[in-house]
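Undergrad: Residues or ranges marked as signal peptide by Swiss-Prot: 1-21. The domain 'Peptidase A1' feature in Swiss-Prot is assigned to 84-388; the stated evidence is sequence analysis. Swiss-Prot lists ASP102, ASP285 with the feature active site, giving sequence analysis as the kind of evidence. The annotation disulfide bond is assigned in Swiss-Prot to CYS115-CYS118, CYS319-CYS352 on the grounds of similarity to another entry.
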Amino acid sequence: MKLTLISSCVALAFMALATEAAPSGKKLSIPLTKNTNYKPSAKNAIQKALAKYHRFRTTSSSNSTSTEGTGSVPVTDYYNDIEYYGKVTVGTPGVTLKLDFDTGSSDLWFASTLCTNCGSSQTKYNPNQSSTYAKDGRTWSISYGDGSSASGILGTDTVTLGGLKITKQTIELAKREATSFQSGPSYGLLGLGFDTITTVRGVKTPVDNLISQGLISKPIFGVYLGKESNGGGGEYIFGGYDSSKYSGSLTTIPVDNSNGWYGITIKGTTIGSSKVSSSFSAILDTGTTLLILPNNVASAVARSYGASDNGDGTYTIDCDTSSFKPLVFSIGSSTFEVPADSLVFEQDGSTCYAGFGYGDYDFAIFGDVFLKNNYVVFNQEVPEVQIAPIA
């Protein structure tokens, strides 16, 4: 699931961005990191996503029971759009950690010096070296459907996101993690979902605390995930959004957060002049790589593109997409596309694997294949999202 980090760093100079929020916001530039030896795997991406949603809710814990501003955190495109991560500072003095920003979960956990089997290449948080760390006393454990897991203890410390300093944030210190987590480019996960699905009940997420501590002017965050073909990278803006990153106007869509996710309704799907599906539910998930559709929808889409079912959730598709029409979803009062150049995710010699797949769920998971083509503003308070095509 996670990838071996054999990387070269390419520093990018980021242009100053015009953000829609208070002018006191801070911005952080992050280099683009690529693993030139990595081979994208559609099969692994499908398995990772399905394992993630299978585990809800197979979690356990020992006790389950104003300055306005914006902060922006650029994110790194980890080789061919396989994973985006941002840098977060934890503790005093701070240690900088690469974390997977994930709207499909709500936990903030990362490798620590208490971990007996964490990857040797991972930067580890040391609670004994932070003057602002405090013990919590509770434990946490996450088990995924594919058998991978992470577990450890809870504490509180100062967490800084894009220049915004959250005090007394509950953090989950990993004491053990499965081998699938040990070699990836990120050292943990920062969940941006709703607090109803935190592993330990009652824990407030970083977004909760950004709002309650008055660190952001609006209860929103804008997400831009850049394509590797356009230089990669991307950015999260907490408390605002970047109007230069999208074209046209934002379409507002209500969110169903009853399961702790950013759930929306897809009214229909078209390819060219052909309607290929009626309505279905979907989750907007920055922590999932592919576009995972309900089985019947995926089958109809695959037929339209002449793709072949591999029996493992993936499809083989023609490597030449020049004649393909975009995959178009009707959402709210607008339509949003996955263009032809995003329909191929992985190429193995003369064989190509599609950027869409399927699972055993009756809902879709709109991962990075959709999100890197459409700018999204997440509003936790209403709740709602606003979407527009990328510029």
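Cβ from N, Cα, C; glycine included.
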Undergrad: Give me the Cα-Cα distance between CYS319 (disulfide bond) and CYS118 (disulfide bond), rounded to a whole Å.
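TA: Approximately 38 Å lies between the Cα of CYS319 (disulfide bond) and that of CYS118 (disulfide bond).
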Undergrad: Mind giving me a neighbour count for CYS352 (disulfide bond)? Other Cβ atoms within 10 Å of its Cβ, every protein chain shown.
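TA: Here the count is 21.
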Undergrad: Around the C-beta of ASP285 (active site), how many further C-beta atoms are within 10 angstroms, looking at every protein chain?
TA: 26
Undergrad: Which residue, of the disulfide-bonded residues CYS115, CYS118, CYS319, has its CB surrounded by the fewest other CB atoms within 10 A?
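TA: Across CYS115, CYS118, CYS319, these disulfide-bonded residues, the one with fewest Cβ atoms within 10 Å is CYS319.
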Undergrad: Determine, from DSSP, whether CYS352 (disulfide bond) sits in helix, strand or coil.
TA: strand
Undergrad: Consider the recorded positions ASP102, CYS115, CYS118, CYS352 and say which one has the Cα lying nearest the Cα of ASP285 (active site).
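TA: Checking each of ASP102, CYS115, CYS118, CYS352 against ASP285 (active site), the shortest Cα distance is to ASP102.
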Undergrad: If you count Cβ atoms within 10 Å of the Cβ of ASP102 (active site), leaving out that atom itself, what do you get?
TA: 22
